[in-house]
Amino acid sequence: MKPCLAAFATALLLTAAPAQAQGFAGLGTTAEDFSVPERGRELTFPQDHGAHPDFRIEWWYLTATLTGDDGQDYGAQWTLFRSALQPGEAAGFASPQVWMGHAGLTTADSHFAVETFGRGGTGQAGVTPDPFSAFIDDWHMTSRAGPDSDPYDRLHIHATGHDFSYDLTAQAQGPLVLHGDQGYSVKSQGGQASYYYSQPFYDITGTLHLPDGPVSVSGHGWLDREWSSQPLADDQAGWDWFSLGFDDGHRMMGFQLRGAQVFTSGTWIAPDGTATPLPPDALEFTPLGSARVAGRDVPVRWRIDWPEGGVSITTEPLNPHAWMDLSVSYWEGPLRFSGSHTGRGYLEMTGY
Amino acid sequence: MTRAALQALLSHWLRSPFQLAMLLAGLALATALWSGVQALNAEARAAYATAENLLGDGTSAQLESPSGRMPEGEFARLRRAGWDVSPVVEGRASLGDTRVTVLGIEPLTASSGGTSAELVTPDLTGFLAGVGFAHPRTLNEIGTSQPDLRPSQAIPIGTVLMDIAQAQTLLDMRGHITRLTLAPVQRDGLTPLNTLAPDLRLVAPGDGTDLAGLTDSFHLNLTAFGLLAFTVGLFIVHSAVGLAFEQRRTMFRTLRALGVPLRHLALLLAAELALFAILAGMAGLALGYLMAATLLPDVAATLRGLYGAPVPGTLRFDPVWALAGMGMTLAGTALAGGQALWRLWRLPVLAPAQPRAWAHAGARSLRLQGGVAVALAIIALILAQINGGLITGFALLAAALLAAALIMPLVLAGGLALGQRLARGPVAQWFWADSRQNLPRLSLALMALLLALATNIGVGTMVSSFRTTFIAWLDQRLVAEVTVTPRTPSEARALQNFLQTHADATLPMQRIDARLAAQPGQVYAMKDHATFRDNWPLLDAVPHVWDRLAAGEGVLVNEQLARRAGLRPGTATLEMPDIGVLPVLGVYSDYGNPLAQATLGLDRFTGAWPDTPVRQFALRSENPQALITALQDEFGLPGNQITDQAQAKALSLAVFERTFLITGALNVLTLSIAAIALFAALVTLSGMRLVQLAPLWALGLTTRRLAALELGRALVLAGMTLVLALPVGLVLAQILLAVINVQAFGWRLPLQFFPADWARLAFWAGLAVLAAALLPAWRLWRHGPHQLLKVFAHEK
Amino acid sequence: MTSALTIESLRKTFGSAPDIVHVLDNADLELSRGQSLALTGESGSGKSTLLHICAGLEPFDSGKVMLAGQDIAQADDSARAALRRTSVGLIFQQFNLVPSLNVAANLAFQARLAGRHDPGFVAELARRLGIAELMARYPEQLSGGQQQRVAIGRCLAARPRLVLADEPTGNLDEATGDAVLDLMLELAAQAGAALLLATHSTRLAARCNLRVHLRAGKLQVSA
């Protein structure tokens, strides 16, 4: 931990002037000279797997629900955030691109979190589109896909902290999924939006290095890609985001943005990758129980209802104390769900 | 009882306000000099700490390149290998009206230990966008408005802290960094650094440019001076307390006879002393603070000039300092007044009330004093043989000075006895006999005078010897008519091309930082040229040293390095980074440089470190003024980048003079205190003298003649002290030059004699003594008959 | 007979009105060479003051004091000092020896100042005063009586024209005191010097040619 960077939390995803942080991590400020997402722009790959320095923020976000050869459940998170002081890129330390890596590892009774910072231009951190690699320090998410396939089809992921590390290989079992309107994902009634797509069909194998020793794991993974310049409305203070893998092969992404009004959205994904965007307010999220985590009450058990799809499930976290106690802090951890359907997933909660 | 007794004790001071004033003045002055020097030291040390804390350098190891810079890719390479390193760019640049040290950091990876982190964090985006920090004084010096620079006391003077990207631009170092700092904790299992980056050198925490270490000698010097002044001040206190004790002896006897217990009386006297110590201590602290505040700008300039140490010119008030100063005053008072209390303890109730001479030194105590002096002299001789550190050097100095001070009364007594034997005429005989008899009462003050004079002569001789040597050395070192400092490597290349046709010779100055014989140091390149062959100040060398150096067969080392590492040309070798072991070909004097230094032939140097930038060109020219004009026209170089020989010498001498300004000031202050000590002794003595002088007046000597004799006596004693101080001072100078300087700075200087300085000192000392003796003599002359008659009138 | 000391209408007061003390009030005195005069009076009557005035040590208010034919009031400081050096010898009640000189040097001191040093005479004096064995000692090493004899010797060695002695035998036992006084009288007579002796011993006073009593500032010649 670098205490000096604690205050960087507000500055990170960041904003030039206003001192009063608006929304979570300052995400709710205006776009100024940055590009903004436009409805109808077609996403092209592999180009859009790379960085978009003209947009203010962007992330490469992998979560994995895992089971060890010891029979225990595990969760792993690997994230690279990009945040631009100014649009565009420059060589060396003059680069306005700031990068932040987060890695998390959750067991039933422990949660590990580590972060690292860097800036673009020097080679310390960044994303190269071809061959694809997202990296910061000695962490990386690098494509191992064949020449004719999508770079995201096979990835190697590594992160390390002082007390843990992991090496994972992710093999995609289905296509990329575009959220919203062909990847244009609306985030509020006011029209704030981002580009958003996922690869939700990973089979994962690998090794977790825990203080007690290595554990071989396998399971499923979900990669989120999102970039924007102003994804939140002024009054939106945080979100609750779910990525769910149904035992029957379906996937579902759903979130609610908490503001003056609650804004919900999601995507229903068939086993073949066919995506059905869920209209606003189609999903209902109901907190069922909270845990005292890092000095605050965080709702760690939820009921999720999608009446039109006949889905009504209850989620149970693997570890209610999966708090990412970093410069930007939030809750992120694996869960199991039951009810109308069963399966495993990941929950991220910010703004508590 | 307590109140009545205290009243009786204190009534003495009401009747002798002058004595009280002397006591308080002595204590206050002693405190002032000691605490003033301490304040200077503390301020400087705080400044070093500020500089170290800025980046947490004291706790972080550093990775450095021998060439002083490395490609910034090294940073990413090590980060990608898992090492927690952060880049630093450091260099000198012109900013506004001044040159500053630009320090560029990368806040996203910087270790959280330094004060820079606290400074940068609140507005990290602002910092990344170009906001820098500097000390308010630096901002003043920069002058022109710098909207992107914010004031901060946490930044050392002369340094500007900014984001690494801004610093690279300002220093023309795009793509390069100066060094990498390692976070204190690194992950296990990383590829070792010597495998990953074999070209980079790992410097342990606090092992680099350790300002505190380099400047230690300077501060030890100041402390020694402060202690000397404090001691001289205590002489005054001791004599005032002792006299007051003698004069109140009857009162003590009476008080005890009236039933005041001895313990009680001693406590009262101790309380009285403590009260005076506190009063005078407070005044002394105020004076010391004033003195320090006055001298600090010069001290700061010295430290900046000599060591590049960033010391601010303004003083802060530190309560710990004040308490320590007060403690020193109380301890000193206890020491100076202890003898009186001890004698009170041993005073029998019915002792004769007749005052004896309080400092009457019988033959036995004189012999004892002589014995101690001889013992100290032997200790000094032994210490002189030991090649110890700086502390040994100062112990030697202290032993020698103390021995001289203790032996002085014996020598003076011998001189006076000789004078008496040679004297013709009754008045002359009486003059010598009387001087001899009064010597014990003056000897403490004269010892103080001896110490002050000897210090003056010693330090003066050291400084003058240094100056003479230094000026001759400057003539050897600064042969080049013009030096020019390129702002950027590209400018350096352009300059080199231009100079090939415009200067008679172009001597590039290149250097790398390196550790030499486990010391921080630098390696310089030297082009084979007559400029060096004819002038370079070699102290010792092998035959054909220049040919062998040019051929790359060995190195020259500076005197500092040669002495510290015991390197002798011809037999010794030196391990050179990236090159290996090379024979030492010669030793050259290198005054004013705190670092170890080695010089290689240019070819050998560029072979080992090909990318080292040229920092400066030394130019030979028949017509330097034309060359300067041409350089200004062609390159538009500002004035501070072209230096002609005269300027360079003036600059060096200015640094030198400022270095010893503080020494001069302390010299004058010490001498003044000694004069005051003598004044105090003479004035208090003049009261007792009446009884001795009255018979002579009755026998037909006029008061005018008696006054003249009193004045003459003071001058004779002071003159004899001065004569004694001369050899003592020269011994002191020799110790300073051959022991202290070698230990502190690494160079030895030849002792030279400056009789004109001695004459000047004799004049001033004579004037000081005359001033001290004038008031008692004048009082005797003017009020003599009236006063003297009282002696007879008191007979009844 | 030439006059060694002439005092006419001498006035000396201490203090200021209304507490004026008239120490000497219109005092007259005449002392010729070879004469000895005893000045008696009670303690504090002003005997010492009169002696100090005669020696030119103390100023007076009015009147005339002639010393060796010289008017003291007219003499400046250095002339008075010269008179003390050459013409007057003072013997103090508390001796006032020079503490830094030994007995020999003290004895010779005034004679040498006066330019009349005669080692043989000094040796003779020392023998007769019984201090010949003390020559190397310093005043602080002597008893009161020994110091007094040295003081007398110092004065006589200089052979002054006028000896002013203030209780010169006060510290001596009766027999020694008488012997010393005899010596003083003898030497004064030999040298033709005048002796003014302040004392309150009527026995000593009786041995002098003249006797004067000082009371309330007036000098009265007594029988």
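Cβ coordinates are placed from backbone N, Cα and C, and glycine is handled just like the others.
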For this session: From the ranges B:8-33, B:320-345, pick the one that TrEMBL records as transmembrane segment.
Result: B:320-345
Seminar exercise, completed: Contact set of the transmembrane segment (B:366-384) with the rest of its chain, CB cutoff 8 A exclusive, min separation 6+ beyond the ends, reads 392, 395-396, 399-400, 402-404, 406-407, 409-410, 413, 735, 739
Problem set entry | Non-local residues, at least 6 beyond the ends, that sit with Cβ under 8 Å of the transmembrane segment (B:761-781) | 449, 453, 456-457, 460, 671-672, 674-676, 678-679, 682-683, 685-686, 689, 693, 703-704, 706-708, 710-711, 714-715, 718-719, 722, 787
Exercise. Looking at B:265-290, B:320-345, B:439-459, B:714-741, which one has the highest count of Cβ pairs under 8 angstroms to the transmembrane segment (B:224-245)?
Worked result: B:320-345
Seminar exercise, completed: Sequence-distant contacts of the transmembrane segment (B:660-683), meaning Cβ under 8 Å and at least 6 residues beyond its ends, amount to 18, 22, 25-26, 29-30, 33, 37, 40, 221-222, 225-226, 228-229, 232-233, 235-236, 239-240, 291, 295, 298-299, 302, 441-442, 444-446, 448-449, 451-453, 455-456, 459-460, 463, 466, 714, 718, 764-765, 768-769, 771-773, 775-776
